[in-house]
Each structure stands twice: as C-alpha cells, then as structure tokens.
Amino acid sequence: MTARPDGRRLVVALSGGQKNTLKGAPMSGHGTPIPMTSAKCGPLKGTADVPGDKSISHRSLILGAMAIGETRITGLLEGEDVLDTAKAMRAFGAEVIDHGGGEYSVYGVGTGGFAEPDQVIDCGNSGTGVRLIMGAMATSPITVTFTGDASLNSRPMARVTDPLALFGTQSVGRSGGRLPMTITGAHDPVPVHYTVPVPSAQVKSAVLLAGLNAPGQTIVVEKEATRDHTERMLAGFGADITSEETDEGRVITLTGQPELTPQTIVVPRDPSSAAFPVCAAIITPGSDVLVPGIGLNPTRAGLFTTLRDMRADLTYENERTEGGEPVADLRARFSPDLQGIEVPPERAASMIDEYPVLSVVASFAQGDTVMRGVKELRVKESDRIDAMATGLRANGVTVEDGPDWWTVTGMGHGNVPGGATCASHLDHRIAMSFMVLGMASEKPVSVDDGGPIATSFPIFEPLMASLGAQIRRDNH
Ligand code: S3P
C-alpha cells in the first residue's frame with residue numbers, strides 16, 4: 001500500500017523491482033468479448049509499474065531455445081502473446097520453466113536443434129511471435145504449420161516468407177500469403193544478402209534468426225533503422241554480429257552457425273506499455289505519475305521525444321543502463337499547453353506502436369498533429385489509422401487520413417466530447433488508447449472488446465485503477 005498525495009491509500013505496485021504485484025482479472029484475447037467503458041476521472045497519481053518489454057520477452061525465449069543450457073529470464077512479460085511463444089518453444093523441444101513472478105528458465109536445444117512439432121503452432125494475436133519463430137525454424141529440416149487468431153490470420157506473411165525462401169525454405173499459405181501456413185525449413189541452407197523493403201524489425205529479425213543456422217555470412221540491410229533488440233541479444237548470446245551505418249542504410253552482418261551461450265536476461269519494462277499511463281497523465285488535469293524503469297533504447301523512444309516536442313511535461317529521472325539497455329524513470333504530469341506538431345516521418349519506426357495513443361493526446365492539443373510515413377500502421381493487429389480515425393471521429397474529433405498519413409485536429413483541454421463506443425478490432429493498443437481517451441473526454445468512451453489488452457498488458461485495468469482511472473467492464 002502507498003499513500004496518494006491527496007491522502008487516500010491505494011494498492012500500487014512498488015517500484016524498483018521487476019515484479020508486478022497487481023493481478024489482472026482473467027482476460028482473454030481469444031474468447032468472449034469484454035466491453036469496457038472509461039469515464040472522466042480525477043488526477044492520476046502514483047507509481048505505474050508496467051510489465052516487461054514484449055519485443056525483448058519474445059526474443060529471450062526464442063534465443064534461449066536456440067542456445068544449449070539454461071537461459072534465466074527475469075521480468076518476462078506474461079501476456080498472451082509471449083506465453084504463446086513460450087508454448088511454441090516447448091513444442092520445438094526446448095524446456096521452458098515458469099518459476100513465478102516473471103522468472104523463467106529456458107533450456108535450449110541449440111542452433112539448428114529444433115524438433116518438428118507434432119501440433120500446429122498457434123501464435124494467437126502475435127505478429128512478432130509468428131514471424132520470429134518462422135525465421136528461427138526456417139533453416140532446420142522440419143515442417144511446421146502456423147496459425148493464429150482472426151487478426152493474425154489476416155496479416156501479410158510474404159514479407160517474411162519471401163526472404164526465407166532465399167535460404168531454401170518452402171512455404172504454402174492461404175491467398176495473399178496469409179496464415180494458416182506450412183513451412184518446410186531448408187535442408188541445406190545458404191546464407192543470404194537481403195535488403196528489407198519495409199521498415200520492419202520482425203522481418204529483419206526473422207532473416208537474422210534464419211541466418212543463425214546457415215553457413216557463412218548473412219547480411220541484412222535496412223534503409224530505416226528499426227528496433228535492434230535482436231542484434232543486441234545475439235551479440236549477448238555470443239554470435240559474431242556487426243552493425244554498420246552506411247550510405248545504403250544500416251548493414252548487419254551475422255556469421256552463421258555459432259554456438260550460442262545461454263544468458264541471464266533482465267527484461268526492461270516496456271516503453272510501449274508505459275505510453276498508456278504516461279499519455280493518460282499528460283491529458284488528465286492535475287495528474288503526476290511516475291513510471292519507473294522504462295527501456296529507452298533509441299529505436300523505441302520516439303513517442304517520448306514527440307510528446308516533449310508537443311510541450312508535454314515529461315521528464316527522465318535516474319537514467320541508467322539495465323541488462324544492456326538504456327533505462328530511466330519517466331515522470332509525466334498534466335500538460336495544459338499541448339501543441340499539435342508535424343511528427344518527423346524518420347521517427348516513425350521508433351514509435352510505430354505508439355501512434356494510436358499519440359492520436360489521443362493530439363486530440364487534446366491546440367492545432368493539428370500531422371503523422372506521415374506511417375503506411376505500416378495499416379498492417380498491424382488492425383488497420384490502426386482506420387481504427388483510430390473512425391473511433392476518434394465518433395467521439396467528436398476531426399481526423400483526416402490518406403494511405404500513409406493522418407492528421408488529428410486538436411480541440412484543447414475540456415473540449416473533446418467523447419460519448420461513443422469504438423471497435424477495438426482485436427487490437428490491444430486500440431482498446432487501451434480509447435480507454436485513455438475516456439479519462440479526459442467530457443463523456444465516457446467505450447470499446448466493444450477490451451479482451452485483447454491481455455496480449456501485451458494484462459494488468460492494465462488494475463494498474464490504471466490504482467492511479468485513479470475509472471474503467472469498468474460493462475457485462476460484469
Ligand atoms: C516488433 C516490431 C514491430 C512492432 C511490433 C513488435 C518486434 O513490427 O510493431 O509490435 O518486436 O520486432 P514490424 O516489424 O512489423 O514493424
């Protein structure tokens with residue numbers, strides 16, 4: 001328990017450790033819809049201990065499964081996406097032990113040691129899970145069938161299977177290169193030299209993971225730098241990997257068939273989850289929220305730079321390095337003078353998952369916030385431009401959009417009407433963004449299904465409630 005500055009006592013997860021003490025009520029991204037409503041609340045106050053980083057959690061399990069011996073992980077995100085990856089690693093022959101409280105051991109089978117699963121691999125809602133696992137198995141002589149939920153089964157997979165085919169991998173999926181899909185790994189893989197045509201860390205990572213079991217050097221070129229957790233972690237596991245900035249872009253060179261050495265991994269807290277309490281505090285009058293231990297890898301921190309450009313009161317405290325990643329405690333306070341800005345398109349990759357909640361903050365700013373170079377938002381868990389534009393318009397906000405851009409016209413504080421129910425389209429970040437909208441709009445905002453929140457942020461509701469948010473489930 002801790003005391004709020006206003007004297008009320010409430011349960012708040014203690015900062016400083018990696019354990020979250022808040023327990024979310026059971027949620028399911030795969031089950032019955034869970035309608036939710038968020039109503040205007042008083043100041044948000046306290047400490048928000050958000051869960052571990054989703055990207056790093058997936059990679060810890062997958063690389064742990066590709067090393068021989070025990071990889072020990074603390075602070076693993078126990079969201080549905082990551083738990084689906086853990087299940088998949090078991091199906092490939094690795095032992096994954098849950099010690100409780102986000103502590104896991106993975107006993108891996110070695111590079112190229114994956115066994116053929118005797119069941120379909122169901123990655124649920126997770127594009128990262130399925131694409132990275134496809135890469136990891138692509139150069140082993142096994143056949144694997146992948147599937148997912150309705151959202152994942154509608155997403156493009158050719159962006160991964162095209163470069164994997166260069167290693168000698170074969171794949172058969174549904175029309176448009178969609179799941180369910182069966183992949184037969186290369187029996188005699190060759191290394192590849194591949195320029196990633198879209199800014200995607202998932203594609204880059206799939207090629208690098210496939211390159212692990214190919215002889216010689218696999219080279220990946222990316223014109224725009226995307227999150228580099230795979231490169232950092234591969235180096236940590238002892239792979240020979242270099243990254244060089246050139247006129248062509250970032251050139252990553254991996255020498256295949258290393259023996260990966262198991263690691264101890266401390267997963268930093270997820271900046272993409274921190275975005276929700278941070279943005280909620282910025283738009284809710286009187287708020288002052290501390291979000292400790294957030295990973296600030298420059299390939300991930302674009303939202304926070306953007307918020308500061310918009311004159312948000314957001315500071316970094318206690319900057320440090322944890323587990324090889326830069327980390328700080330974020331302090332977010334209500335920001336009455338938010339200004340709309342043109343978000344630099346070259347920043348897009350470093351905040352790609354944060355545009356939905358940024359569009360909510362933009363609704364409370366003065367003037368237009370223009371977001372360009374964001375075509376990738378249309379192929380996430382949902383078409384995120386369409387999902388947010390439709391929902392914001394229904395709540396009284398003016399939004400214009402085109403194929404790779406959108407503009408939100410800010411209404412200033414106290415002027416956003418709210419009052420509508422929005423479709424979450426099986427997308428956790430859409431659901432959470434509309435819940436944040438409801439905290440500061442004049443009338444409550446609802447979503448048809450908050451279940452998908454459990455994929456990445458299973459303690460979202462109790463954590464936000466501990467700060468003072470008013471979110472309720474409508475059918476309970
Ligand atoms: C991720 C990469 C991004 C991001 C996703 C996580 C990763 O996807 O949107 O949530 O962990 O590699 P893309 O690679 O499609 O940009």
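Quick reminder: no glycine exception, Cβ is built from N, Cα and C everywhere.
According to TrEMBL, the residue from R90, R250, R347, R429 that belongs to the phosphoenolpyruvate site alongside K54, G127, R155, Q202, R384 is R429. When the Cα atoms are compared, K54 (3-phosphoshikimate binding site) and R429 (phosphoenolpyruvate binding site) turn out to be 13 Å apart. Screening the recorded positions R59, R155, D353, R384, R429 for a C-beta under 6 A from any atom of ligand 1 leaves D353.
Rounded to the nearest whole angstrom, the C-alpha distance between Q202 (3-phosphoshikimate binding site) and R155 (phosphoenolpyruvate binding site) is 13.
In terms of C-alpha distance, the listed recorded positions R155, D353, R429 place D353 closest to R59 (3-phosphoshikimate binding site). According to its DSSP assignment, R59 (3-phosphoshikimate binding site) is helical. If you take the Cα of R429 (phosphoenolpyruvate binding site) and the Cα of D353 (active site, proton acceptor), they are about 8 angstrom apart, rounded to a whole number.
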